[in-house]
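As written in TrEMBL, here are the features:
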| type | residues | note |
| --- | --- | --- |
| BINDING | Trp150, Glu160, Asp180, Lys182, 243-254 | substrate binding site |
| ACT_SITE | His252 | active site, nucleophile |
Amino acid sequence: MATNDEGISIDLQALRNFRLERVLDEDPVTRALAVLGSLASDDGITVDAIVRIEKTALPPQFATTSGLSESLGRVEKVERNGIYSWFMAWLSDAARSNPDLKINIIAPCTEVHIRKYSRQQILMVHETPALYTSIVQPYIAAFPSSRTQWVEDILSGKSEADKVLHRDPDPEYGYVMLPDMKWDLRTLGSLYLVAIVLSADIKSLRDLRKKHLGMLRSIRREAARVVQEHWGLGRGSLRLYVHYQPSYYHFHVHIVNANYAGLMGSTVGQAHLLDDIISMLETDVEQGPSIFQRLTLTYGLGDQHGLYEPMIAAQAVAEL
């Protein structure tokens, strides 16, 4: 391609005549795409050009009744599991294959859901084993089983059975692996799977013991195999981690494309790498409380979380 150091005038026709050479980068977090190609100037000179395209933020008025109904050209249901449904949507040209939006719906939603999805002020807290026993454990135990019915439906095969990529049927150490509902099932750069254990006794990171090493290693091994076979991703292409506090109290492992950087939920203070968890358990004692029973865990807690007030109050007392 010819080059020219002078800027050229760009209009709609020039963009329509853009000739693509190759894709430079894609960012599933910002929904941006950078491509290299050529543009023709008014005098016919062809110049190298990088075009970066990203989706703009949705304005608040988009969510109004008229804004939503007038903007959506077509919706296509992807999946439904209990109160959770998700769709792909097109804003204008409904004939295009690539959708503009992924829409998740929770209906009927509860006050817990409303608090979870509200804007929150995050503060860091230090959860000692004593605070876990006195505050967090009773909080987890108080959750009604209906809150995780959708998980039970997946594990039993009642829901999303056709999406399961791997199943280990062992009742104590087994798990299922399938795409997470946050993934659009199309964009490889934002690949997102989840492995959910069958045992309801493992609520969170705190419940892991050395006896679970085989299960955790299996999840790591099978995740690598699944993404290689289905999407051609090789060794080192995945980031596997566990949340603490998790969004729901039935132990699960997040499996995402390693290039999915900046993903909310994969930050320090919430995500714990599965490799690190395995390494810690491998060096743990054979008898007595496990390492995750003995650790003080530091994490970010939003002011809408049900643990926020009691944990913040406990931190204040500890500092006196």
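Positions of Cβ are set from backbone N, Cα and C atoms, glycine also.
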Rounded Cα distance in angstrom between His243 (substrate binding site) and His252 (active site, nucleophile) is 8
Quick note, Gln245 (substrate binding site): same-chain residues at least 6 apart with CB under 8 Å of its CB -> Val136, Ser204, Gln270, Tyr299, Leu301, His305, Leu307
In the structure shown, with every protein chain counted, which of the binding-site residues Trp150, Tyr249, Phe251 has the densest set of Cβ atoms within 10 angstroms of its Cβ?
Phe251
Mind checking which of Asp180, His243, Ser247, His252, Val253 has the fewest other CB atoms within 10 A of its CB? They're the recorded positions.
Ser247
Cα-to-Cα gap, Trp150 (substrate binding site) vs His252 (active site, nucleophile), nearest whole Å:
14
